[in-house]
C-alpha cells in the first residue's frame, strides 16, 4: 500500500500524536545539532568544543537555551513593536510546517495501527515546502525592517534578495525531479526512486539543489544576511533573549528541513542504502527511520563542514553565481531531461537517444571551451607590461614583467 | 486534503467553519490594508489576504492553485514589494500630496472599471453558468486539470498574458537602466592608478580621519605633525556636503601640553 493510502485511514488521535512526535523530534534534533555543530567545527579547528556540561558536553545547548531565556528582552525605541514581535513568530512557525509532508518512515506498526510516519500526503507536497519556505523569509525580512536600525535593514534586504534568487534555482532543480518521477508528492517521489536514487540519475539537479539549499538557509559560505564582519549580526542584531532564541531555533530547524527534503527527493528518502534492503523490515518497519536520519545527518555534517572550510562569498559574486550560473544551467538541464523523458515515453529508437546525448555533450564542451578561451584572451589583454620602475622600492604590481621574472 | 463527495453548492462542516473563521479576518485585513498609515503594514495585511485566499482555494480542492498562489504572490511578488517599501524606512508614513497631476481621476476610473469587471465576472459565474464542481474538474488531478485547460483551451490567452508580462518587465528594466558614463573602477584598478601617479605621496592610502580623546568620528580631520588639519583624511562626500567638524577644538593647547 502506498503512503498516501495508509495515511488517509488514520484516526484523529494518531494524526495528533504524529504531529506532536514530529514537533518534539524537530526540537530535540535542533538542540542536538547545535551541540553537534560546535563539536564538529571545534574538531576541524583543532579544539575540543563544549565538553563541560554533561557527558561530552551533551547538555550544553540546553544550558545555553536556559541562559538565553533568562536574559533581558529588549525592544529598541525605534522599532515597530508589532512587527518586531511578529517576525520571530513567523520564522519559527513556518520552519516546522515543512515537516508535515516529509515521509519519515515507510509502513510501520503504530500502537497496533498500520500507518506511515508522515503527517499528510499532498499531491503537490514539494511545492508546499517551497511555499512554506517563501513565507518563512518574511520572518527575516520583517525582523530586519522592524528593528529600525541600519545593520538589520541591510541584512534583511540582502536576505530577501538572496532567498528569492536561490529559490528560483531551487525550484528549477526540482522540475527535473517532477518530470522524472511523474509526481509532485513526496511519498510518490520516494517510491519512484526504488531502483535508482535521483541523486545518481539527475546528478546536476542534485548539485544545484545542494548549492541552493545552503543559500536558502542563510548558512556559510552564503550567510551574507548575518555577516558579522560587515553587518554585526545582520537581521537579528537588535534581538535578544527568547526572540533571538526563536531565530536561532528556526535557523537550525530550517537546515534539518532542507536536508530532509534533499533526502526525500534525491537520496531515496527512508529507503535503506542499496544492498541493505532487508533492514527495512526490522523493528516493524521503524528501522527506516534510522536510515532517514542517517541521510539527514549526513547532509547536516556537510553543512557544518562547509562552515568550517569555506570563507564567505562577496555579495555581488554570490548574486552573479545564482543568476548567471545556476539558473541558466538548470534551465538547459531541464530541457535535456524533458527531451529525454519524451523520447523514452514515445519509445524512440535507441540510436536517436544516444545521438541526442552525444550532441548535448558536444554542445556543452563547445560552449565551455569557447568561454574558457575568451576568458584566457581577456586575461592576456589585461596584462600590464613595460612599467618603468621608480628608483625607490615599491610593492610588485601583479602581472608586471618584474613579477614574472621573480616567478 | 478535504475530499468529501458533496452536492454542488453545499459546504461540509469543517469547510464552513474554516470559511466563517477566515472570511471576516481577510475582509478586516483588506480594509486595514487601505486604512493603515505605514506602507509596510498594508503590504503585510495584503500578504495575509493572499494567504487566506490560498487557504480557501485549498479547502475547495484547488490544491495546486492554492500552493502556487502562496509561492508566486506571497513569496515572490509581495516580497519584491516589501523589498522596495523597506528602503523607505521605518518611520516614514505616506504623504497625501499629489505628486503627479491628474492621478486621482485616473485612479478612480481604473477602480470603477476593475470593480465592474469583477462584478460582471462573479455575476456570470454565479447566475448564468451551470456549476460542475471541483470533484469533476479535478478528475485527472488538480495540476493536470489546470495544465490541460491552460495549454489547450486557453493557450492563446496564456501566451498573450505572458508576452504582456515580459514586455512590462523589459520596459521596467529599460526605464530603470541608466547608462554609466564610465566603467566602475575595481579595487585593483584603483591600486594600479595610485602607483601610476607622478606623485607617490598617497600610494600607501590616504590618512584616516581624526581619533581624539574627546571625539572619534569620520567627520573630524586628522592633524598633521605641524598641527594643521589634513583635508585628505575626510571623505570627499562629507567635504562636499560641508559636514565637517573643526578639529582645532580637540587639539591640545600650549598650556595643557606643558602640564
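Quick reminder: no glycine exception, Cβ is built from N, Cα and C everywhere.
Source: prediction; values computed, not measured.
Noted in TrEMBL for the protein shown:
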type     : residues  : note
TRANSMEM : A:12-35   : transmembrane segment
TRANSMEM : A:82-102  : transmembrane segment
TRANSMEM : A:122-143 : transmembrane segment
TRANSMEM : A:164-184 : transmembrane segment
TRANSMEM : A:196-214 : transmembrane segment
TRANSMEM : A:252-273 : transmembrane segment
TRANSMEM : A:285-306 : transmembrane segment
TRANSMEM : A:326-344 : transmembrane segment
TRANSMEM : A:350-370 : transmembrane segment
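Contact between the transmembrane segment (A:164-184) and the transmembrane segment (A:82-102) is not supported, since fewer than 3 Cβ pairs fall under 8 Å when only residues 6 or more apart in sequence are counted. Among the stretches A:122-143, A:196-214, A:252-273, A:326-344, the one making the largest number of Cβ pairs under 8 Å with the transmembrane segment (A:12-35) is A:252-273. Within the chain, the transmembrane segment (A:252-273) has long-range Cβ neighbours (under 8 A, six or more residues past its boundaries) at 26, 29-30, 33-34, 92, 95-96, 98-99, 102-106, 126, 129, 133, 136, 174, 177, 186, 189-190, 193-194, 197-199, 202, 205-206, 209-210, 213, 216-217, 219, 279-280, 287-289, 291-292, 295-297, 299-300, 303. Beyond its flanks by at least six residues, the transmembrane segment (A:196-214) meets 166-167, 169-170, 172-174, 176-177, 180-181, 189, 221-222, 258-259, 261-262, 265-268, 302-303, 306, 322, 326, 329-330, 333, 337 of its own chain at Cβ-Cβ distances under 8 Å.
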